[in-house]
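Presented below is the structure to which this report refers.
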Amino acid sequence: MSRHTDLVRSFLEQLEARDYREGAILAREFSDIKARSVAWKSEGVCSTKAGSRLGNTNKNRYKDVVAYDETRVILSLLQEEGHGDYINANFIRGIDGSQAYIATQGPLPHTLLDFWRLVWEFGVKVILMACQETENGRRKCERYWAREQEPLKAGPFCITLTKETTLNADITLRTLQVTFQKEFRSVHQLQYMSWPDHGVPSSSDHILTMVEEARCLQGLGPGPLCVHCSAGCGRTGVLCAVDYVRQLLLTQTIPPNFSLFQVVLEMRKQRPAAVQTEEQYRFLYHTVAQLFSRTLQDTSPHYQNLKENCAPICKEAFSLRTSSALPATSRPPGGVLRSISVPAPPTLPMADTYAVVQKRGASAGTGPGPRAPTSTDTPIYSQVAPRAQRPVAHTEDAQGTTALRRVPADQNSSGPDAYEEVTDGAQTGGLGFNLRIGRPKGPRDPPAEWTRV
């Protein structure tokens, strides 16, 4: 058995030996990552002077996610026309130490030109997008791509849509033609349509498909992968980390001391809050376990019990709280890491089905779990608004028109709503479905059922 196979097997066995199913070790690891990140900022190891300058602050989507000076992407294209060198983006090193990834935020209306300056100057061929334009009624990313029969113009750049296809239920692939000073280039964009902010997808399958497809489109030529979500940290960090580990597997360069903790820690030195929440950190472990499991099955056919041994790791250690259950689309077996089996997707979370009801005076998040409603339960209130079905602001252009949408090169920030505080995304309070409902106080008469003897 090769040394590479031994290292892969050792990592999987280590997960079981350390009893990751309890989750305590992963929680401690992620707390350590956050603590070190805070220390780096306070000690000046990771400075943000450029992004904090007066002329650049309105180019940051979120006030607390600012590009690190040491690894920030510096724009030189079109500087002679008065455009600055700052964009909220950082380089992340690949397995060979090169600038393999550009982690950036979703463009703002007044940074669309800067985004396309970045794509053109650094020869980006593939863009991975892990968010939607609008999520939960809030604008997360300005549309920087063209629609069918609707070209987009950003300064001197003209973008047209060549082709749009749906790879599966989660991923849309667009091929764009970008024109700048009479030169044409093709840029591919992969958009993951259903990854919740601060959360995780319902399975690893389509994430692995997205990363694999990106590498097929990228080919062996130069140029970094451009990866973004809304802030360019949480979901972006997961994608970069998954591709990084996958490259280690494909090149058989897993180091003897391989550690996902160290992988994420190193990425956080290059991009703020990469892999932003503990849930995303668990999902990363879950996905990497699937990658390692598949690799070991391909290279060691006699290790038949691996899948059974790793099933608890995938099912329990990395229990994923998601906002929706999406069916996984199986892919035909082929080369290494092309078909990854994952646990069945979880059922819809209670928060998406029932209204938030909290008993007065009870601590948030207490109780063993929700009580399922029965057919005999009497509704207490006449109208309940499900939490997951918030109104969504539709800001897209009308269909059926063919026009160039011109984006001004410079534009002031759109106001306070352009910024949002980015937290760790953890649930600070439970829903308390198991709690009984007390009598409502007020002028309303209680339901008749309460007065029956």
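From the backbone N, Cα and C atoms, a Cβ is placed for every residue, glycine too.
The domain 'Tyrosine-protein phosphatase' annotation in Swiss-Prot covers 26-291, and the record cites sequence analysis as its basis. Restricting the average to the domain 'Tyrosine-protein phosphatase' (26-291) gives a pLDDT of 96.
The feature substrate binding site is assigned by Swiss-Prot to Asp197, Cys229, Ser230, Ala231, Gly232, Cys233, Gly234, Arg235, Gln276, with similarity to another entry given as support. DSSP assigns Cys229 (active site, phosphocysteine intermediate) to coil in the three-state reduction, placing it in neither a helix nor a strand. Long-range Cβ contacts of Cys229 (active site, phosphocysteine intermediate) within its own chain (separation 6+, distance under 8 Å): Gln105, Gly106, Met129, Ala130, Cys131, Lys140, Cys141, Trp195, Asp197, Arg235, Thr236.
The active site, phosphocysteine intermediate feature in Swiss-Prot is assigned to Cys229.
Annotated phosphotyrosine per Swiss-Prot: Tyr381 (among others), in sequence order.
Per Swiss-Prot, the feature region 'Disordered' maps to 384-453.
Taken from Swiss-Prot, the feature phosphotyrosine applies to Tyr419 (among others).
According to Swiss-Prot, the compositional bias 'Basic and acidic residues' annotation covers 442-453.
Within 10 Å of the C-beta of Asp197 (substrate binding site) we count 22 further C-beta atoms, all protein chains included. Taken residue by residue with DSSP, Gly234 (substrate binding site) is part of a helix.
If you draw a 10 Å sphere around the CB of Ser230 (substrate binding site), it holds 27 other CB atoms from the protein chains shown. Site extent for substrate: the farthest pair of Cα atoms among Asp197, Cys229, Ser230, Ala231, Gly232, Cys233, Gly234, Arg235, Gln276 sits 12 Å apart.
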